[in-house]
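> Dumping the structure here so I can ask a few things about it.
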Amino acid sequence: MIEETQTPSPPAPAPAPAEYPIDLLTVESLDIEAQGIAHRADGKVVFIEGALPFEQVTANVYRKKSSFEKATLTAIYRESSQRVTPACPHFGMHTGACGGCKMQHLHIGAQVAVKQRVLEDNLRFIGKVKADNLLRPIEGPAWHYRYRARLSVRYVRKKGTALVGFHERKSAYVADMTECHVVPQHVSDMLVPLRGLISSMDARETIPQIELACGDDLTAMVLRHMEPLSVADLARLRAFAAANAGLQWWVQSGGLDTVKLLDAQVAELSYGLPEFGITMPFKPTDFTQVNPHINQVLVSRALRLLGVQPTERVIDWFCGLGNFTLPLATRAREVLGIEGSEVLVARSRENYERNKASSHVRPALEATKFVARNLFEMTPAMLVKDGAAEKWLVDPPREGAFELFKSLAALHQQVVTGVPCDDGIHQQSLALGGWTPPSRIVYVSCNPATLARDAGVLVEGGGYRCTAAGVVNMFPHTAHVESMAVFERL
C-alpha cells in the first residue's frame with residue numbers, strides 16, 4: 001500500500017558503539033531475523049549477525065544487555081555447508097550494505113527450513129497447537145520475484161547524484177545500489193537510468209520514493225513528489241517511459257487520493273490466475289501479492305485444501321480484490337467476499353463484473369457477492385447474520401483474525417455449553433436458526449505469531465483441530481514468513 005511519506009534528512013551519524021571481541025562460539029540456530037544464536041559458557045545468549053548454524057565463529061559485541069548480547073561476525077573458523085556466496089554485490093553485514101535481504105548467504109533450502117521452524121515454534125509456544133501434518137513448502141523462483149516494492153529516493157548534493165533503492169541495513173540512509181536481484185530483471189536494469197532521471201529533474205530534492213507495481217505485461221511506477229512537477233520534469237518522465245517499453249508513470253502529490261496516471265492509457269495493470277480462467281486488473285494503490293509465481297500456487301493449494309464442492313457456500317474473509325473469491329466462485333455454489341475497506345470491495349466488484357463477462361467462467365460466478373465490514377470488530381451476532389457456510393477462506397493482514405475467531409469460538413461454546421454469547425453489547429443467547437459453523441477453514445497468514453494466536457482460539461475453544469500447516473516462501477532471502485494452516489471441525 002502506498003502511504004503519504006516524507007523522507008527526513010538522514011540523522012547525524014551516532015557515535016560508534018563500544019565493541020569488544022568474544023572468544024570462539026558455536027552457533028546453534030538462527031532467529032527470525034537471520035541472526036546466529038550462540039551461548040557463552042555462562043549460558044548468556046549471543047545473537048551474531050552473519051553467522052550460520054553449526055559454524056564456529058568469533059564476533060565483536062556491540063550491544064550488551066543483562067540477558068543477551070548482540071554481535072557482528074568477525075571470523076569463521078568452521079564454515080556451514082549451507083553457506084553460499086550472495087548473488088548481489090550490495091548484500092552484506094557491513095556498513096552501507098543494502099537492507100532489503102537478510103539471508104542471501106544461506107542456501108535457499110535452508111532458508112525455507114528456518115521459516116518452517118519459526119512457524120512450528122510459534123504454533124507450539126504461542127498457540128499451544130501442533131499441526132497433525134506438515135504441508136510441503138510452496139516454493140518458486142529465488143530471484144527476480146518481487147513485483148511490488150517501495151524504492152526510497154534521495155538526492156545527495158555532495159555527490160551530485162540520486163540514490164534509488166532500499167535502505168541500508170539498520171539505517172535511514174538509502175543504499176548506493178546499481179542492481180537488485182529480487183526485483184524483476186527489467187526493473188533492476190532501470191535502477192541506474194532512474195538515478196540519472198531523478199538527478200536531472202528540477203524536483204530532485206523533494207522526491208522521497210517510487211512505488212513499484214508490476215503486472216503480467218505492464219510496470220507501474222508511482223512517483224511521490226513533495227512539490228509540483230515542472231513542465232520540464234513531466235517531459236523527462238514521458239521520455240523515460242518512451243525509452244522503457246511497458247512502463248507507466250503514476251504521480252502522487254499528497255495522500256492516496258492524489259495518485260493518478262501521468263497520461264491516460266488504455267492498457268492497465270493485471271495479473272492472471274490461468275488455472276481458473278481469471279484475470280485480475282489492479283491499480284498500483286491496490287493490495288496484491290508481491291510474488292505472482294507463488295500466488296498462483298498459493299491460490300491453487302488453498303482451494304485444493306478447502307475441498308470446495310459444487311453444492312457448498314463459502315465465505316472469503318478479508319477478500320481484498322477477490323484473489324481467492326473469484327477462483328472459489330468457479331468451484332462453489334455461492335461465495336461471499338467480505339473486506340474491511342469499501343474501496344477494495346468496490347474494486348473486487350469491478351473485477352467480478354469483468355470476469356463474469358467471460359463466457360468460460362460466467363456460470364460459476366453468478367452467485368458471488370461482496371460486502372464491506374470492519375472485521376476487527378466482529379461479534380457473534382454479526383457472524384450469524386452473514387449466514388452459514390460450509391467452508392471458510394481467511395486471509396487477514398498481519399494483525400490476524402482474532403475477533404473473527406473469538407466470535408466463532410463463542411458461538412461454539414453456546415452450542416456446546418449453553419453459555420450465552422457476548423454480542424458486543426451484552427451477553428445473550430443468540431437465535432442461531434439454521435446457522436452452523438464451517439466444517440473446514442483454510443487460513444493464509446503473513447504473520448506466524450498472529451496465526452498461532454488465532455489457531456489457539458480455534459483449537460482451545462472453537463471446536464477445531466489443526467490438521468495441517470506449512471510455509472509459503474513468498475519472500476526468498478528475507479526473514480518474512482508467509483504460511484497457511486488447515487482447521488477441521490471436530
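Backbone N, Cα and C atoms are what each Cβ position is placed from, and that goes for glycine too.
Pulled these from Swiss-Prot:
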type	residues	note
DOMAIN	14-75	domain 'TRAM'
BINDING	CYS88, CYS98, CYS101, CYS180	[4Fe-4S] cluster binding site
BINDING	GLN289, PHE318, ASN323, GLU339, ASN374, ASP395	S-adenosyl-L-methionine binding site
ACT_SITE	CYS446	active site, nucleophile
> Given ASN374 (S-adenosyl-L-methionine binding site) and CYS88 ([4Fe-4S] cluster binding site), what distance in Å do their CA atoms have, once rounded to a whole number?
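Distance (Cα to Cα, whole Å): 42 Å.
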> Counting by DSSP secondary structure, give me helix, strand and coil numbers for the domain 'TRAM' (14-75).
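Counting residues per DSSP class in the domain 'TRAM' (14-75), I get 0 helix, 36 strand, 26 coil.
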> On the Cα atoms of GLN289, PHE318, ASN323, GLU339, ASN374, ASP395, which are listed as binding S-adenosyl-L-methionine, what is the maximum pairwise distance in Å?
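Between the most distant Cα atoms of the S-adenosyl-L-methionine site, 22 Å.
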> Within 8 Å of the centroid of the Cβ atoms of CYS88, CYS98, CYS101, CYS180, which other residues of that chain place their own Cβ, given that this set defines the recorded [4Fe-4S] cluster site?
HIS90, PHE91, GLY100, GLN104, PHE166, ALA175, MET177, HIS181, VAL182, HIS477
> Taking each of CYS98, CYS180, CYS446 in turn, which of these recorded positions have a Cα lying within 10 angstroms of the Cα of ASP395 (S-adenosyl-L-methionine binding site)?
CYS446
> Would you kindly give the Cα-Cα distance separating CYS101 ([4Fe-4S] cluster binding site) and PHE318 (S-adenosyl-L-methionine binding site), rounded to the nearest Å?
28
> Measuring CA to CA, name the entry from the recorded positions CYS88, CYS98, CYS101, CYS180, CYS446 that ends up nearest GLN289 (S-adenosyl-L-methionine binding site).
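Comparing Cα positions, the candidate nearest GLN289 (S-adenosyl-L-methionine binding site) turns out to be CYS446.
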> Where the distance is taken from Cα to Cα, which of the recorded positions ASN323, GLU339, CYS446 turns out closest to CYS180 ([4Fe-4S] cluster binding site)?
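So, spelling it out, the nearest of the recorded positions is CYS446.
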> Calculate the per-residue pLDDT averaged over the domain 'TRAM' (14-75) and state the result as an integer.
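Result for the domain 'TRAM' (14-75): average pLDDT 89.
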> Of the recorded positions listed here (ASN323, GLU339, CYS446), which is spatially closest to CYS98 ([4Fe-4S] cluster binding site) when Cα positions are compared?
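That would be CYS446, the closest of ASN323, GLU339, CYS446 to CYS98 ([4Fe-4S] cluster binding site).
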> Looking at the binding-site residues CYS88, CYS98, CYS101, CYS180, which one has the fewest other Cβ atoms within 10 Å of its own Cβ?
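Selected from the binding-site residues CYS88, CYS98, CYS101, CYS180 on minimum Cβ neighbours within 10 Å: CYS88.
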